[in-house]
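What follows is one structure encoded as structure tokens, with my remarks underneath.
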Amino acid sequence: SYMSGFGNEFASEDSRCPGSLPEGQNNPQVCPYGLYAEQLSGSAFTCPRSTNKRSWLYRILPSVRHKPFSPMSCGDLTESWNEVEPDPNQLRWKPFNIPKSSEKKVDFILGLHTVCGAGDSKSRNGIAIHMYTCNTSMIDKCFQNADGDLLIVPQQGEILITTEFGKMMVEPNEICVIQQGMRFSVDVFRETRGYILEVFGAHFELPDLGPIGANGLANPRDFQTPVAWYEDHTVAIGYTIVNKYQGKLFSCQQDFSPFNVVAWHGNYTPYKYNLENFMVINCVAFDHADPSIFTVLTAKSTRPGVAIADFVIFPPRWGVANHTFRPPYYHRNCMSEFMGLIKGHYEAKEEGFQPGGASLHSIMTPHGPDVDCFEKNSTAVLKPERVASGTMAFMFESSFSMAVTKWGLDTCHRLDKSYYKCWEALKSHFNPNWKPSSK
């Protein structure tokens, strides 16, 4: 079950314990049912009311009761952006491999691989992009990211996410956001794959609409937050808390489940969104609108109009522009563009760019439609047509110049080294004797 709305002030209690939310105050001397009160802050106490984020949790035992944290292996998860030399080339990855459950059991944490990123979690300013490829559920284990927010994009296989706030089932073509510091566990039901955008130092918010007006793009009511659910579960052999802190992983043990929150209230919550609910804005006369009109969520920087990261989608829509080359145009960008494909075929590159794969076009690296797309659409009869039916591509766009990790360039063995060839056959159509047609 879910409550609807983006950034709302929610209140929820497990129906098994009616009246578990204190009335009229946050921190009574004795909480109902003998619970502990605990605040989770997502912003500085003194932030303006419009940006202040916090939730109060009423739990069977407080999260502070655990053994000391110890370092653990980070695997392919990293924040080291100088592992390899910079590479300004257009990069494309074939679908990332998912380990076979018959060969090796890999849960969500073990299946995290950093592809690229920039900035620094210590200074609270940066971004990282990860893939997750796993085949088994997390058992008596949860994950907490002290460094930033995680925007999770499932591509293959649904995931059941248990959080301190309740449960969320997230399927391909849906996304979810687990905000900084929230503990969660991931159950999977088959071999599973997806993308993760991590931001340091900012939270995701809905983009401003400006001249679009009051309605359009991702509507606030379509975002869903789970209702309270608790388990009073003792784990004699130890429950493992995995904490990502300053780019490294640490683990500790406790003898109870962290999902023991009976009731909570606040505006700092996990949430999910179905991409099919996106209200598309498109050009209806001529030319090609900028991809910013497809922004679902943005994590703003301190510079007006410039994002640490935008989450942008390219959903099914109508193309009707007259005397216009309709696919994305050739361009060089002052932003980094990381693209993924959930399903279908991306309109500008129907071959080579596959679901579960990715591409990275770095700052000022030229890119655009491949040869087949250019030739086909330069001569197409222009009439209203459905674009991207059965498809969902997306982009993580960032003002940071992202470095690719050693895993992304080498270890994963999925880099398509022939990517540049999709433009090799572009030929000159220049005609110095061209004359405009008489009207």
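Every residue, even glycine, has its Cβ placed from backbone N, Cα and C.
From a predicted model like this one, the values you see are computed outputs, not experimental measurements.
Per TrEMBL, the stretch carrying the note region 'Disordered' among 1-23, 70-92 is 1-23. Counting other Cβ atoms within 10 Å of each Cβ, the lowest count among the recorded positions HIS288, HIS331, HIS367 belongs to HIS331.
Among the recorded positions HIS288, TYR346, HIS367, the ones whose Cα sits within 10 Å of the Cα of HIS331 (Fe cation binding site) are HIS367. When other Cβ atoms within 10 Å of the Cβ of TYR346 (homogentisate binding site) are tallied across all protein chains shown, the result is 25. Reported as a whole number, the C-alpha separation between TYR346 (homogentisate binding site) and HIS288 (active site, proton acceptor) equals 16 Å. HIS367 (homogentisate binding site) and HIS288 (active site, proton acceptor) have their C-alpha atoms 16 Å apart, to the nearest angstrom.
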